[in-house]
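Accompanying notes for the structure given below.
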Amino acid sequence: MPKIITGGNKLNNNLFELGLNEEIIEEFKQYYKDGYIGRVITEYKGMYKVITENDIILSQISGKISFEAVDRNDYPAVGDWVVLDRDRSDRGNAAIHGILQRKSKLSRKVAGTDIDEQIIASNIDIIFICMSLNQDFNLRKLERYISIAWNSGGTPVVVLTKSDLCEDISEKLTEVEKVAIGIDIIHVSSLTYEGLEELKKYLTFGKTVVFIGSSGVGKSSLINLLLGQDRLKTNEIRESDDRGKHTTTHRELILLPEGGVVIDTPGMREIQLLDEEESIEDAFSDITEISKHCRFSDCKHDKEPGCAVVKAIEEGVISKSRLDNYNKLKKEAEFIKRKMDRKAELKYKKEIIRRNKKIRNNNKI
Ligand SMILES: Nc1nc2c(ncn2[C@@H]2O[C@H](COP(=O)(O)OP(=O)(O)OP(=O)(O)O)[C@@H](O)[C@H]2O)c(=O)[nH]1
Ligand SMILES: [Zn+2]
């Protein structure tokens with residue numbers, strides 16, 4: 001029976017199995033006089049389920065966190081290591097007093113027009129970017145996911161799913177290799193189990209992995225296989241469009257029987273980048289490299305004379321659609337960055353006002 005963290009009390013959890021390490025403990029010791037370390041498993045309407053060494057305990061943020069929070073980033077996210085005031089549910093709900101530094105975080109822009117960061121998962125080591133080898137196969141979308149993944153601080157791995165539905169895998173692999181530069185690529189099938197062993201190699205003791213990719217590409221099916229049971233509901237395929245309906249509704253941290261922790265995320269339908277010009281350069285390192293040979297350092301790779309990128313397109317080294325996508329993503333990132341900079345400025349001003357108020361109040365006493 002795999003050990004699954006969902007709720008119900010289970011004593012003597014090994015937090016190292018869940019990714020705890022000396023660095024986290026050091027930070028805790030340095031900044032907190034007392035309290036208990038735990039990791040956020042799920043979040044539901046402002047409440048957090050946190051696993052501690054002794055229990056799984058429903059927690060809410062302390063008044064201090066709530067008072068000091070300026071944006072979503074200041075609230076706990078699934079995967080966070082937090083400090084609680086108690087570690088046993090028989091003593092009531094716990095309060096989260098602090099969030100320990102996030103080593104990595106996978107975030108996106110929140111849905112809609114608002115420029116706000118939404119952390120999908122934190123403290124992740126590996127990001128499995130899932131794309132199916134049939135209908136969902138789209139290199140432009142993959143480039144976008146790669147940018148998001150590089151931005152997180154985790155390591156991306158491209159997982160091409162539903163290999164049983166693809167007749168010419170090597171052709172698809174060649175295409176993917178051109179855009180997933182320096183990234184491991186594996187192909188798997190939840191039906192024939194092809195590639196499953198290769199996937200498992202990434203799931204080792206204490207490592208946290210996350211599966212991202214469009215709805216219906218088979219993320220839940222893969223996690224189920226890793227768990228060895230039908231733990232996550234997978235949906236019946238809709239014949240017309242060969243895509244599953246949206247099934248994953250909340251994020252959860254799952255401990256795999258053979259080691260490794262999986263954070264399951266809902267299908268990221270509206271993928272929007274967040275202030276990540278640098279990671280776009282990482283994701284398109286071939287274009288960045290070639291552009292060093294453009295005659296002008298500020299070349300837009302459009303109609304400038306001596307453009308090495310245009311030449312590479314003519315020679316078939318890079319596809320025109322890859323360059324178009326690069327330009328599009330960069331423009332988006334620049335736009336978002338401008339808005340984020342304005343927001344950061346506001347956040348800073350608010351913080352100054354808050355501090356001054358605190359100083360004034362302290363002086364009154
Ligand atoms: N042929 C084939 N079908 C698969 C494979 N993996 C998943 N499917 C089917 O694809 C559909 C969607 O699979 P899910 O695992 O629910 O997809 P998901 O990515 O978790 O979807 P969301 O939860 O919406 O994000 C289901 O009907 C699965 O049975 C595969 O390897 N081969
Ligand atoms: Zn150029």
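Glycine too: its Cβ is placed from the backbone N, Cα and C atoms.
Annotation comment: TrEMBL describes 113-271 as domain 'CP-type G'.
Taken from TrEMBL, the feature domain 'EngC GTPase' covers 122-269.
The GTP binding site annotation in TrEMBL covers Thr161, Lys162, Ser163, Asp164, Gly213, Ser214, Ser215, Gly216, Val217, Gly218, Lys219, Ser220, Ser221. For Lys219 (GTP binding site), the Cβ neighbour count at a 10 Å cut-off comes to 29, with all displayed protein chains included.
What TrEMBL records for Cys294, Cys299, His301, Cys307 is Zn(2+) binding site. In this view, His301 (Zn(2+) binding site) is surrounded by 20 other Cβ atoms within 10 Å of its Cβ, with every protein chain counted.
Among the binding-site residues Val217, Cys299, His301, residues whose Cβ is positioned under 6 Å from ligand 1 are identified as Val217. Close contacts with ligand 2, defined as a Cβ under 6 Å from any of its atoms, occur at Cys299, His301, Cys307 among the binding-site residues Lys219, Ser221, Cys299, His301, Cys307.
Calculated from their C-alpha atoms, the gap between Val217 (GTP binding site) and His301 (Zn(2+) binding site) amounts to 34 Å. DSSP gives Thr161 (GTP binding site) a strand state.
When the binding-site residues Cys294, His301, Cys307 are ranked by how far their Cα is from the Cα of Ser215 (GTP binding site), His301 comes first. Ranking the binding-site residues Thr161, Ser163, Ser215, Ser221 by how many Cβ atoms sit within 10 Å of each one's Cβ puts Thr161 at the top.
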